[in-house]
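Features as listed in TrEMBL:
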- A:2-117: domain 'Response regulatory' (DOMAIN)
- A:Asp51: 4-aspartylphosphate (MOD_RES)
- A:126-224: DNA-binding region (DNA_BIND)
- A:126-224: domain 'OmpR/PhoB-type' (DOMAIN)
Amino acid sequence: MRILLVEDDAEVGRFVKKGLQEAGHTVEHAANGRDGLFMAAGESFDLLVLDRMLPGGVDGVRLVETLRGQGNHTPVLFLSALGGVDERVKGLKAGGDDYLVKPFAFAELLARVEALGRRPAVDAPATRLKVADLELDLLSRTVTRAGRKIDIQPREFRLLEHLMRHAGQVVTRTMLLEKVWDYHFDPQTNVIDVHVSRLRQKLDKGQEKPLIHTVRNAGYMIRAEP
Amino acid sequence: MPHRRQQHPGPLWRLLSSAGFRFATLFAALFLAAGLGFAGVLWWGTAGTLERQTDSAIRADAQALAERWREAGTDAVIEAIGERLALDADGQALYLLLDPRGQRLAGNLVSLPPGAGEGPAESWHHLTLEHEDEAPGEARLYLLELPGGATLAVGREVSEKQRLRALLTEGLAWAAGAALLFAVLGAWLMRRALERRLTPAVATAALIAGGDLSPRVPLSAHDDEFDRLGASMNTMLDRIAHLMDGVRGVSDAIAHDLRTPIARARNGLEEALLSEDEDPAALRGAIERGIADLDNVTRVFQAVLRIAEVEAGARRAAFAPLDLALLLADAAELYGASAEARGQTLHTGWTAPLNLTGDRDLLLQVVANLLDNAVKFTPPGGNITLSAARDHDQLIIRVADEGPGLTLADRERVGERFFRADQARTTPGSGLGLSLVRAVVQLHGGVLWFENGDGPPDFPGLVVLFRLPAAAAPAV
């Protein structure tokens, strides 16, 4: 992916740029809002990673509003030290697609960047999702593995659907909490882990190849290859 | 101090600028005004009565003389006037009899006052008497025209009136002087009394301004305005001291709860840096532990900020109507799995809908924190109950566990930031969960309280209850 990073802190900028490049992305870095807006409007990017507070008279929110005003719908991920709920809502209202509060784990940023950049088309006509011998039917809401029907609860179905829509990508615990349960809160303990391991037991019982993999220090991923 | 206009006020200035002096002066002025009013009424009352009495005496005398004239003629009147003047020892009586041509026939007056005798047959006059050896006096004179054209004037000198006036004036002057004296004395006494009653409060305030929060205003036995002022000052000081304790507690707790993981991270990283063996796995492990410690610091930090945000009421912006039953179901589903993993059973009970207006993320956080605690403190195999009910215009939510419960003393403190009951120190947690619960419940206009469960006395279990105002029930 071609990513524009607009971040005024040199150290954070260098860290994020290096990490994204190592993950195989092309990264352009702008150190202030004016340059960032200039580049975002003039060139084509797959994703913008924006700091909310930027020098140069154009902050992150203004930048996104300007771009959206010009009909530019490149996905935007905000990085911000402003963690208040109002700030988050402001960022998303301005046209941001995701919001990550500093300090953050790079794995979390990378997972969100990849989820945003490869977002499936909104009205995907797909009615079936398939990973290896696991099939998920969105119409009949049934799950089968190797032709055998698996008894699954509604929430587990949504959890599996989310993982399968992002097959091959890391999905973090907070992303699951936000997307599958639709809450923004601190669960204190790893409640998500319990749900994933329960789902995993149902899917992998009696199977040689596990499909749901735990990615150390990051989250979960569903993929065919071990 | 730049605000102070006068640095070294003299004693006179102090007296004049004292509130006591101003009160006393005000009261003295009021007394003086009342006294003057009273004297005025007295003056008009006495002088008026005197005048009326004089007038009726004069009129009766004149009528008697006119009668005499009608019966016995001019000479008899002249004789009667002579007799009366001879009998008048005080020299107050005035008489004058003029014949129709204006010639004086009898009496002690030299002539009629100017302008008299041209009016009607009867008329009243004021005149000033010129005495030969005394000060001039005032007199009332009654003029009566007799049928033959002669004129009779009868009058009385009214010097009593003047004497009375002088007496009253003198009395008033004395009274005013005394009032002034009393005012100054009263001002001084009042200022002293005020100062004596206010000195303790002023001294306490000065001590507190100096940094010592412990002194309180001593109260007298009077239970008067000053004591009420002192008592409310003391209440305010107690509240401030409590808040200061809270702030101090938080900073102590931050010092402990954040310093410890920071120190651990730092030590671990330093040890890895200095260690002789260059085992990459050990180094990696040390770095991962360091990051985990820092993440924990961030979590605690965010929780503290979140509580502050909630307590400031800033999150009311996210309030919306919602059905708590759905939210409880989500929470039960999320944490039911954790309970199950520990061999516990989560029981639920409520009747939908439970409508209210609130912040769904925060309310889920509340239920999540309570369920997380319940799962943490209930032994494996135990039961946890999450239930809710509508009670008139309130919703009561109840989370019961089979853990060790809380002592009464701990229940008082459990909502304080970073407070952890002794038996909880070994379990993971920050001591912030219930602070956030309490803050969120208060933000929603609710109340949080704790009860003991039904277990044995030494392990009773804890029941956490909170009450939230419900939205109006939808029309059926």
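Using the three backbone atoms N, Cα and C, a Cβ is placed for every residue, glycine included.
Keep in mind that this is a model prediction, so the values were computed, not measured.
Over all protein chains present, the Cβ of the residue listed as '4-aspartylphosphate' has 26 other Cβ atoms lying within 10 Å. Mapped onto DSSP helix, strand and coil, the domain 'OmpR/PhoB-type' (A:126-224) counts 35 helix, 25 strand, 39 coil. Residues belonging to the domain 'Response regulatory' (A:2-117) score a mean pLDDT of 90 in the model. Summarised by DSSP class, the composition of the domain 'Response regulatory' (A:2-117) is 54 helix, 24 strand, 38 coil.
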